[in-house]
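Asks: This is the structure I want to talk about, given as structure tokens.
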Amino acid sequence: MARGSAVAWAALGPLLWGCALGLQGGMLYPQESPSRECKELDGLWSFRADFSDNRRRGFEEQWYRRPLWESGPTVDMPVPSSFNDISQDWRLRHFVGWVWYEREVILPERWTQDLRTRVVLRIGSAHSYAIVWVNGVDTLEHEGGYLPFEADISNLVQVGPLPSRLRITIAINNTLTPTTLPPGTIQYLTDTSKYPKGYFVQNTYFDFFNYAGLQRSVLLYTTPTTYIDDITVTTSVEQDSGLVNYQISVKGSNLFKLEVRLLDAENKVVANGTGTQGQLKVPGVSLWWPYLMHERPAYLYSLEVQLTAQTSLGPVSDFYTLPVGIRTVAVTKSQFLINGKPFYFHGVNKHEDADIRGKGFDWPLLVKDFNLLRWLGANAFRTSHYPYAEEVMQMCDRYGIVVIDECPGVGLALPQFFNNVSLHHHMQVMEEVVRRDKNHPAVVMWSVANEPASHLESAGYYLKMVIAHTKSLDPSRPVTFVSNSNYAADKGAPYVDVICLNSYYSWYHDYGHLELIQLQLATQFENWYKKYQKPIIQSEYGAETIAGFHQDPPLMFTEEYQKSLLEQYHLGLDQKRRKYVVGELIWNFADFMTEQSPTRVLGNKKGIFTRQRQPKSAAFLLRERYWKIANETRYPHSVAKSQCLENSLFT
């Protein structure tokens, strides 16, 4: 396979649609248990960007065959982080092509000597195309950032005498093309009076910086050779009882026994089961409720799965514990229901974005963001515009923050992006998203795209197929995409369960004219609802605001203008939110980095918080509104009386 093209995927050879190890089996979050161990590889890795003209030197010289430092200089690179903002090298910040990471690891002796132990290498995210070598052996490839992939490397570490070190080499290409998600194009600038020979730029069609690298944790973990591969849980409610339906996949042997226990928050066993599938009934159930919707939100049970099996080397056992929230989701023509009760999304859109670390996962930032969400009175957010780290989803389960889980289908702006290769890849990405996040009670809806060119006929077929595929993967949740098209021309809207609309009245349209917002917003809602008869979420609205800019009367880019724009939107939303508008998500939670342009001052400034998480004036306005909305319907019902409506769609 030819690899290492400067800017195009064509030289990579055929993409591995599902044949790579990283796309097989389950994707349970790694955890330690009596049968499992984890070894995190976060920290400093050796790093090199391939600045050669064709970006292929690393493959031509086979950098993966020996330690990276032997083939040239390396620098320290923290993992997890984006590589772009770590150094003072301007070339690296805007680099397009292959970068190389390497780390040497000493393994515990038991991992290499006990043949009943399976050793797995897991990469939380590598944006965007990754090739992995272990001790110079080509082990794994994966296309697409923002999602985990892994490989069983037991046969590489359990050979001969104990290897003193394990060398992991990862090459990552961040090039975006018409068949990647998100898509992009490469433009060669050939006027030699302005540009040197071979000069090119990466064009993107989305408004956030294309950070890249090992942006989430890398780790090794073990399981027995016969192991719990995957668990799928769906829940429902029957009078005052909760029903937990489970399916368990086991790999490595057909001779095994499974025991299942469901424990409540006090670690008391409330139900038992056996076998690979079954139903657990929980009398007097404590439901999983969103934040501010119940006096005890985010109630989680623990599903404990114990496997015992016979192998040729003797008996083995495996243990895995899955948090379970028992709740229902349903959609009617005018309501979004959680546990049979109307739910109103009052929340934010976010980005995984911060100073220095870029899109790199960071625990302090995560906790700070959730503290701000709760202070704000937000009960929901959309993972705009890609799946967030698994730790984020776990926090949502624990805190009761509802999630619209969006894939990286952003920037689908050109007709050539709606091709069969892209469609195949998009459907596979949705498989990976659902596989990873299907058991999170906080996830109540899938979003397959943001602002696609949904007025195109080709987009209509494309979206129809992706939505249908997602529904086949998970019939228990509604599916949407986020539109900014005209209601009469949108070819994808007939296939969604909930209409999600982005509009920027008085900003991108009729900018400066705050007095038009209420009329234009009312017209928008009425047109969409009359045509489609589906609940509507105002999925984006907002205004660019430079913290500390003030002007009265309000002028654009000032804090006063952002506040005034929000106030006008809120008046318009209040006219419809007791009818068929079921949510509002501000754009954006915090300022974030974008590509440089004459219209962006160090990034997008539509946040109600700065990039450093300090509030602008609008944050206090939004906090007052969200707490007011929450208090209108706060704790109006008991758990025992909460049931999903019989005529709802997703039970």
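Cβ coordinates come from backbone N, Cα and C, glycine included.
Pulled these features from Swiss-Prot for this protein:
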type	residues	note
SIGNAL	1-22	signal peptide
CARBOHYD	Asn173	N-linked glycosylation site
CARBOHYD	Asn272	N-linked glycosylation site
CARBOHYD	Asn420	N-linked glycosylation site
ACT_SITE	Glu451	active site, proton donor
CARBOHYD	Asn631	N-linked glycosylation site
Asks: Other Cβ atoms within 10 Å is the metric here; tell me which of the glycosylation sites Asn173, Asn631 scores highest.
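Replies: When each Cβ's neighbours within 10 Å are tallied, Asn173 leads.
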Asks: When you measure from the Cβ of Asn420 (N-linked glycosylation site), how many other Cβ atoms are you left with inside 10 Å?
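Replies: For Asn420 (N-linked glycosylation site), the count of other Cβ atoms within 10 Å is 10.
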Asks: Does DSSP put Glu451 (active site, proton donor) in a helix, in a strand, or in coil?
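Replies: Its secondary structure by DSSP: coil.
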Asks: How many neighbouring Cβ atoms, not counting its own, are there within 10 Å of the Cβ of Asn272 (N-linked glycosylation site)?
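Replies: Total other Cβ atoms inside 10 Å, all chains included: 12.
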Asks: Taking only the Cα atoms, work out how far Glu451 (active site, proton donor) lies from Asn173 (N-linked glycosylation site), in Å, as a whole number.
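Replies: Rounded to the nearest whole number, the Cα-Cα distance is 25 Å.
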Asks: Taking Cα atoms as reference points, which of the glycosylation sites Asn272, Asn420, Asn631 is nearest to Asn173 (N-linked glycosylation site)?
Replies: Asn420
Asks: Please work out the number of neighbouring Cβ atoms within 10 Å of the Cβ of Glu451 (active site, proton donor), leaving out its own Cβ.
Replies: 22
Asks: In the three-state scheme derived from DSSP, which category covers Asn420 (N-linked glycosylation site)?
Replies: helix
Asks: Provide, as an integer number of angstrom, the distance between the C-alpha atoms of Asn420 (N-linked glycosylation site) and Asn272 (N-linked glycosylation site).
Replies: 46
Asks: What does the structure give for the C-alpha distance between Asn631 (N-linked glycosylation site) and Asn272 (N-linked glycosylation site)? Integer Å is fine.
Replies: 38
Asks: What does DSSP assign Asn631 (N-linked glycosylation site), in three states?
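Replies: In three-state terms, Asn631 (N-linked glycosylation site) counts as helix.
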